[in-house]
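Student: Sharing a structure below in structure tokens format, with a few things to ask.
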Amino acid sequence: MDSKNSSKPKYIGVVGVGSFGAAIANILAAKNPVMVYARKQEVVDEINSNHSAQGKALSENIIASNDPEHLCKSCDVLFFMIPSSGFQQVVKIFAPFLFPYHLIIHGTKGLCLNLESGETLENVKKIKRSQILTMSEVILQETVAVRVGCLAGPNISKELAQGQPAATVIASKYNEVIMEGQSLLRSEKFQVYGNSDIIGVEISGVLKNIIAIASGALAGLGLGENAKGLLISRGMVEMIHLGNALGGSIKSVMGLAGIGDLVTTCNSIHSRNFTVGYRLAKGETLTAILADMDEVAEGINTVRIIKAFLETADLRAPITENLYRVLFEDLEIEDALQFLMKYPFNVDVDFV
Amino acid sequence: MEEKYIKHKYEPIHPSKDEWPVVKLARERKEFVKKVADLSEDRILKLTSNNPDILKEELETTLYREKLRIKQNPWVVDPDDDESFWSGVKSSLVQISTEAGRNKIKKLQEYKSILNSITARYAEEIASNFKATHYKFTRSVVTYGFSRLLNAARVKGFKSIFSNQYTLQDKIQITGETDHLRDLATKGTVVMVPTHFSNLDSILIGWVISVLGLPPFIYGAGLNLFNISIFAYFMNSLGAYKVDRRKKNLMYLETLKTYSKEAIQFGCHSLFFPGGTRSRSGMIESRLKLGLLSTAIEAQRANFENGLNDISGKIFIVPVTINYHFVLEAPSLIRDHLSITGQERYYKENDEFSNSYKISKFLVKFFTKGSDISVSVGKAMDVLGNYVDVVGNSLDKKGRLINTRDYFVSGGKVTIDNQREEEYTNMLGKRIVEEFHIINRVFNSHLVAFTAFEIIKKQNRKLDLFDLLRTPQEDITIPYEEFKENCQLVLDKIHELKSQGLINTAPHLSKGMDEIIKNGIDNVGMYHSKRPIIQDNSGDIGTDDMSLLYFYHNRLTGYGLEKLF
């Protein structure tokens, strides 16, 4: 805390140097010195000596540390860019060093569970909204930081790394967080929008991964653009109803983080979620696919959580439900598709 | 009295009344009112971005609403010159807009001077008329008078009127973090936020504050209460400032907020009823009026801005719940609630507190028949809802020391961000509601009312609330054994919640169930002419007034106890 008033230039913190974390760190480094957190000492050394993280090139303006306290003292603004599976744990590591003056923005498109000790998704089966945490809710629950935001939108790391034009959404209840995020990230190549409905934006980013898996499956079956158009539009309706049930507004699903990200991910062979669906349709098993992916496909965990949530919500989500059966109950993709084609979706738009 | 509660005499924390912030404020009343008026003017100018056209529109809106109020809803307390003042405003406005040859700057100047005359008028109207001598007098009247009445009623015999066997503290139990509160009041500024069920609360809380040895708190009391002379006298001498709910225009609201913020910064302990008004439904307030609450956060930020970083500039939020067996106004409150929520016929308000006679009658009943009241003082929090330790430092959920100033810091220094503070106000509001539920004390009357209503609801599962309330009383009956069983079920759940620290109970709930039920039925709404719960000769349970039963039942909503049925 005593470093607060010193005249040392502040770093911008980035926690996690996966492909998205590295891409964001590079964008941030164009304007400010950046300090990234990596758990493994060899990754830290690689960054500090070679300016690369597991092969991904990093700006020279980036230094690395594996000391959370050092990072929290050196930075007022922190970007958490870690997969949802490790999110709670990493946030807990940082919590003792975070103070109310810290601004935290995360870029994780996944959900966590808020269960009693001893309870798991396997033995609980049904979960209520209060047992699901978005990443911002994890941060609010585990730390004393309140000025929290999230980063979501069509941001494929490879394209960002190549410097192609793109845009993102920063969502937060606090205008201050949105403005800070905008001023740190915005460039000629990178547009940054603001949204005050943080839950809606987080949920949009989370739900679109489900549809992305389904889209990959369609592509794997060799189906064409008509089918994809059908899926994206029905997928959006499903996202809207689920988003509403989880506390987001319809508007956010219609925005960059919802439909924008949905279209991108459903068309992208770079997307991990899309790849899972594609390979499933080609006949591989889920276990085999997961075994040789080096980064997490968030959509799989999301399908399980949403399936359990549907047990308590008065709601049908046919795409998610059938995808769940394909992933975990050995339903053939062709049969799932048959089922969806027969499903009585007879009203086109029923949410506006 | 087998119950254990705090009954000891507290020494005043500031023995000399000259040290009371509220006395200092009264001494500087004139300057303070002027300061409030000027600061309010600044705020409004900022809100209208110094644009004469927008300002003009605001002035015209205010004028229109005030004229309408004078015509449609005049009150006894309104000053005699109300009409002429607003006519003056009107003619000045007309003059500015009709006379040619004014440039923008000149116009703004003239609008500003009208604005200042309005904020000055409002500030003067809001400001309290605290007089230390009146305060002392009132306090002794309340304490002395009440204890005379009490002794006359409880100790039999003619001489009993001079007995000191019972004091007011036998009737009104104060529990909770009282010592912490006293301690913090000497160090920083306290903002007390009580639940609000009855008009009696204002006086009750005033008395509690004085019993605890605290200097008087200032608080916003509805201007309507000043219509009644006996209340006006009490309120003035307890440090009340006036809140006129008829005036909803921007200028009034900004002046009111400025007054509250400046008074807190001045170091005056304050009291807000965060529900804004009495709870109509009988539920613990779940949606708070955040307007005045935001001034506590603003004042805290302003103190940090001014470099007051030590505890003397710290503001503590102390939630308080007031628990009754009986709310005098219950029939009209619940009827209000039902007519607001929809389906009952239009109901014209008939305030039981409308005249001094009725109040006196109530007080006599209250003291002669014995209906206990308990006041629970919650843990003190900072303006972000973090608990504070004995010396007033904020602690996070894990018990780590944190600095409240950090919440207002951005880029290394304290900044003003209204939107941020709005969010903080929402957060604080939520925390206060949580605390209300935690410190709420369940009485036997709450238990029986809740259980009875839920059983009746279950018996008539097909009816919606309004049809349920219209069910003929003759058709409602609960066999005693079933009632007892369910009471036990609810009580067990309450004890479970209590062990998790989510609710509190009165000591009398540890008695046998038959006794709890008997006392509960005797106590619930004991002075209403139609009783919420009755028991027939065979011991079965019924009701004379479903709406009232619903009102008393609502006290225990918000804990998920309904799921038991």
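Quick reminder: no glycine exception, Cβ is built from N, Cα and C everywhere.
Summarising the annotation, TrEMBL assigns transmembrane segment to A:12-30. Summarising the annotation, TrEMBL assigns domain 'Glycerol-3-phosphate dehydrogenase NAD-dependent N-terminal' to A:12-176. Residues annotated as NAD(+) binding site in TrEMBL: A:GLY16, A:VAL17, A:GLY18, A:SER19, A:PHE20, A:GLY21, A:ARG272. Under the heading NADPH binding site, TrEMBL lists A:SER19, A:PHE20, A:ARG39, A:LYS40, A:LYS109, A:SER157, A:ARG272, A:VAL296, A:GLU298. Residues or ranges marked as sn-glycerol 3-phosphate binding site in TrEMBL: A:LYS109, A:GLY153, A:LYS208, A:ASP261, A:SER271, A:ARG272, A:ASN273. The substrate binding site feature in TrEMBL is assigned to A:LYS109, A:ARG272, A:ASN273. What TrEMBL records for A:197-337 is domain 'Glycerol-3-phosphate dehydrogenase NAD-dependent C-terminal'. According to TrEMBL, the active site, proton acceptor annotation covers A:LYS208.
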Student: Tell me, by DSSP, whether A:LYS208 (sn-glycerol 3-phosphate binding site) is helix, strand or coil?
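Tutor: Looking at the DSSP assignment, A:LYS208 (sn-glycerol 3-phosphate binding site) belongs to a helix.
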Student: Have a look around A:GLY18 (NAD(+) binding site) and count the other CB atoms within 10 A of its CB, chains all included.
Tutor: 21
Student: Reported as an integer number of Å, what is the Cα distance between A:GLY153 (sn-glycerol 3-phosphate binding site) and A:SER19 (NAD(+) binding site)?
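Tutor: Just about 15 Å between their Cα atoms.
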Student: Using a 10 angstroms cut-off on Cβ to Cβ distances, just flag whichever of A:SER19, A:SER271, A:ASN273 is the loneliest among these binding-site residues.
Tutor: A:SER19
Student: Would you count the other CB atoms within 10 A of the CB of A:ARG39 (NADPH binding site), including those on all shown protein chains?
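Tutor: Step by step: centre on the Cβ of A:ARG39 (NADPH binding site), count other Cβ atoms within 10 Å, giving 15.
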Student: Count up the helix, strand and coil residues in the domain 'Glycerol-3-phosphate dehydrogenase NAD-dependent C-terminal' (A:197-337) according to DSSP, in that order.
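Tutor: DSSP composition of the domain 'Glycerol-3-phosphate dehydrogenase NAD-dependent C-terminal' (A:197-337): 105 helix, 0 strand, 36 coil.
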Student: Reported as an integer number of Å, what is the Cα distance between A:GLY18 (NAD(+) binding site) and A:GLU298 (NADPH binding site)?
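Tutor: On Cα coordinates alone, these residues lie 14 Å apart.
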Student: Summarise the model confidence on the domain 'Glycerol-3-phosphate dehydrogenase NAD-dependent N-terminal' (A:12-176) as a single mean pLDDT, whole number.
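Tutor: The answer is 93, the mean pLDDT of the model over that range.
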Student: Which of A:LYS109, A:LYS208, A:ARG272 has the fewest nearby Cβ atoms, counting only those within 10 Å, among these binding-site residues?
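Tutor: With the binding-site residues A:LYS109, A:LYS208, A:ARG272, fewest surrounding Cβ atoms within 10 Å: A:ARG272.
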Student: Could you check which of these binding-site residues, A:ARG39, A:LYS109, A:LYS208, A:SER271, A:ASN273, A:GLU298, sit within 10 Å of A:GLY16 (NAD(+) binding site), going Cα to Cα?
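Tutor: Cα filter at 10 Å returns A:ARG39.
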Student: For the C-alpha pair, I'd like the distance in angstrom between A:LYS208 (sn-glycerol 3-phosphate binding site) and A:LYS109 (NADPH binding site), rounded off.
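Tutor: A:LYS109 (NADPH binding site) has its Cα 9 Å from the Cα of A:LYS208 (sn-glycerol 3-phosphate binding site).
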Student: Tell me the Cβ neighbour count for A:GLY16 (NAD(+) binding site), meaning other Cβ atoms within 10 Å of its Cβ, over all protein chains shown.
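Tutor: Other Cβ atoms found within 10 Å: 24.
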Student: Between the binding-site residues A:ARG39, A:LYS109, A:ASP261, A:SER271, A:ASN273, which lies closest to A:VAL17 (NAD(+) binding site), Cα to Cα?
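Tutor: So, spelling it out, the nearest of the binding-site residues is A:ARG39.
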Student: Can you tell which of the binding-site residues (A:ASP261, A:GLU298) has the fewest other C-beta atoms within 10 angstroms of its C-beta?
Tutor: A:GLU298
